[in-house]
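One structure below.
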Amino acid sequence: MNSKIFAVLLLLGLLSCVLSDQYCPKSSITACKKMNIRNDCCKDDDCTGGSWCCATPCGNFCKYPTDRPGGKRAAGGKSCKTGYVY
């Protein structure tokens, strides 16, 4: 009996994880002057409080995930540096 309850709870937990996809919010900005491009983060570890490192035309910024697709997560990588990008 206990194993059946555990199996059902486990299945419900996995199902809720699959159905609750999270995304970076879509940026309202479509373009940015090169002199204004700034990276506040390069990877999710650079952000705090459950926020993600999301890419925008003006650089990478820590944003809280949303359930609406459209945004883009920052790719990071060795060439990514925080601060202004010239």
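In case you wondered, yes, glycine gets a Cβ from its N, Cα and C as well.
Swiss-Prot has this to say about the protein:
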DISULFID  Cys24-Cys54  disulfide bond
DISULFID  Cys32-Cys58  disulfide bond
DISULFID  Cys41-Cys53  disulfide bond
DISULFID  Cys42-Cys80  disulfide bond
DISULFID  Cys47-Cys62  disulfide bond
DOMAIN    21-66  domain 'WAP'
SIGNAL    1-20  signal peptide
### Task
Write out the long-range same-chain contacts of Cys41 (disulfide bond), meaning residues 6 or more apart in sequence whose Cβ is under 8 Å from its Cβ.
Cys47, Cys53, Asn60, Phe61, Cys62, Ala74, Thr82
### Task
Using all protein chains shown, find which of the disulfide-bonded residues Cys24, Cys42, Cys47, Cys58 scores highest when you count other CB atoms within 10 A of its CB.
Cys24
### Query
Helix, strand, coil residue numbers for the domain 'WAP' (21-66) per DSSP?
6 helix, 14 strand, 26 coil
### Query
Do you know offhand how many angstrom separate Cys42 (disulfide bond) and Cys24 (disulfide bond) by C-alpha?
14
### Task
Work out how many Å separate Cys32 (disulfide bond) and Cys54 (disulfide bond) at their Cα atoms, rounded off.
15
### Message
Given a 10 Å Cβ-Cβ cut-off, pick out the one of the disulfide-bonded residues Cys32, Cys53, Cys54, Cys62 that has the most other Cβ atoms nearby.
### Response
Cys54
### Message
At a 10 Å cut-off from the C-beta of Cys80 (disulfide bond), count the other C-beta atoms across all protein chains.
### Response
17
